């Protein structure tokens with residue numbers, strides 16, 4: 001068993017990776033003919049205590065990635081290695097229980113993520129009831145009070161109902177619920193998108209503090225690029241079910257390689273009016289193609305300003321072009337560029 | 001602990017500082033902010049059900065209906081045993097006596113028929129029949145309350161079927177979704193496609209007409225409305241993030257149903273039950289009226305109305321009394337259902 005585990009670790013990635021995802025796919029069959037490829041073969045790894053930001057337009061499949069990792073959805077294909085566990089296909093009861101404990105999720109909409117008929121204390125202690133049924137009522141209550149304090153609420157809130165709280169407070173309750181079972185890995189599915197800006201910073205700071213205190217690992221899904229940069233160590237950019245670029249957050253913002261990333265980053269407004277006036281924005285033409293009908297070759301080619309003949313034929317490989325910076329684009333592939341007779345883009 | 005004795009100089013100094021010549025704004029020292037005190041609530045938060053109760057009690061129509069329904073149900077239980085007659089005992093010499101109640105003559109309960117003749121003195125009848133008698137001399141008071149009993153029993157059965165078959169069917173259909181849902185919904189469509197009357201007539205072909213065939217017909221189609229309501233609500237709830245959160249925590253199907261889905265559809269369920277009940281009561285009365293329901297000598301409000309309808313010119317009381325009772329029951333259930341809907345779903349209120 002230990003030998004097997006070791007082998008997995010050495011073959012897949014370094015020792016300190018908490019989560020290694022390889023070629024994960026999630027397809028939804030809509031009817032007999034159409035299949036919606038929400039996630040279409042993505043691979044990445046997250047180190048212990050690290051935050052990976054996942055950005056992309058709405059509908060690109062980032063939430064589906066999160067939900068597949070928490071096993072709300074069963075993946076169609078692919079392998080996930082989590083903390084020494086190999087997760088592939090249907091899980092047996094014991095593994096499922098461990099995943100339900102170790103992987104938690106924070107949701108986008110603080111208004112629909114709390115059951116309106118339950119008190120805060122019932123909401124937070126649900127995980128405790130499921131995973132430690134032997135815990136006494138008193139201990140459970142004590143734990144709920146601790147968790148409330150931890151997320152910046154207080155124990156007087158325990159007996160109240162969700163409608164009595166503001167959006168930011170509700171999100172804190174959601175975080176407390178996720179922390180109740182002491183997870184190792186948290187998927188934050190746009191936890192700040194529904195909050196107003198002043199509260200966004202509070203919640204992000206709370207998540208950061210909790211990470212430092214408890215060594216949590218996050219997958220932070222968002223579409224707000226500036227917030228993602230602030231919280232993430234590395235950022236993955238998704239387009240139509242695939243990761244097109246993955247790099248350290250500084251590197252990605254300073255030197256975006258993929259044309260899609262460049263377009264995304266150029267859309268961030270600058271706080272300086274002088275610079276803002278001269279800001280060059282790459283405007284993409286057309287709409288995102290439907291995930292039920294993905295273009296051949298490179299899936300970004302229909303909107304790419306640099307599209308070449310090869311792009312329609314060959315699906316670009318997701319490769320590391322410099323240490324820690326991977327991209328899926330032919331512009332950085334010497335072989336293809338030579339064939340096209342164009343100059344290779346230098347990194 | 002060591003106490004430090006302030007020397008005189010310190011004390012004077014303090015006093016002179018503390019006591020300025022003129023009162024000024026500096027005198028007001030802000031109370032330190034204590035978040036735990038600030039967040040404390042004097043009363044516990046009202047639960048959803050408590051609030052709903054309060055809203056229901058503010059609705060006069062609903063409260064009056066509730067009280068009337070309680071009185072009517074109590075009467076249906078104790079009414080038949082309030083006098084010495086039974087619902088089936090015939091006494092031909094006392095046939096077709098108008099209602100007479102001592103002390104209520106001014107309300108029309110004076111024992112006089114349509115021609116103004118006091119039948120009681122003319123025929124020398126000693127006992128007062130409160131609601132009069134029918135053509136066989138059966139006491140209508142007993143028969144009306146017996147009939148109310150039947151109507152309320154039908155109401156109970158309808159509510160029970162709605163709650164058991166309707167809720168479970170709709171819940172399963174929505175919860176498992178996909179092919180199961182598709183299949184179950186097609187069955188419902190077939191069931192609603194067959195008119196109720198055809199179903200009951202088919203049952204009467206096999207069984208004899210009576211309460212059993214009515215209940216069987218209701219088992220087949222009576223719960224369809226509820227199943228649809230529950231399915232719609234559940235489908236909406238199933239995608240809500242709190243259900244997903246509970247699933248990421250590993251909640252079992254039964255826990256999800258009990259703790260998250262059912263409590264949130266309870267409001268619509270109660271309202272639908274309350275609206276099904278008058279429909280079911282009317283269904284039974286209608287069947288009895290056209291002769292497909294309860295058979296003589298059993299009394300139901302529909303049977304009594306049908307008997308009264310035949311003699312409407314000469315003995316209008318025979319029609320009037322059961323008609324008033326069944327109208328009361330149906331209006332009360334409808335008003336109560338209305339009140340409950342407003343109480344349970346304040347957003348629906350105009």
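Even glycines carry a Cβ here, placed using N, Cα and C.
TrEMBL does not curate its annotations; it predicts them automatically.
Keep in mind that this is a model prediction, so the values were computed, not measured.
Note on TrEMBL: of B:187-207, B:292-312, the range annotated with the feature transmembrane segment is B:187-207.
Checking the ranges B:123-140, B:213-230 against TrEMBL, the transmembrane segment annotation falls on B:213-230. For the transmembrane segment (B:317-337), the neighbouring stretch richest in Cβ pairs under 8 Å, chosen from B:61-79, B:150-175, B:187-207, B:261-281, is B:61-79.
The transmembrane segment (B:213-230) is in contact with the transmembrane segment (B:150-175), judged by 3+ CB-CB distances under 8 Å for residue pairs 6 or more apart in sequence. Residues 72-73, 76, 181, 184-185, 188, 211, 214-215, 218-219, 222-235, 238, 253, 256-257, 261-262, 269, 272-273, 276-281, 283-285, 294, 298-301, 326, 329, 333 of the same chain lie 6 or more positions beyond the ends of the transmembrane segment (B:150-175) yet place their CB under 8 Å from a CB of it. Within its own chain, the transmembrane segment (B:261-281) has Cβ neighbours under 8 Å at 52, 151-152, 154-155, 157-159, 162-163, 166-167, 171, 175, 218, 222, 225-226, 229-230, 233-234, 237-238, 243, 326, 329-330, 333-334, 336-337, 340-341, 344-345, counting only residues six or more beyond its boundaries.
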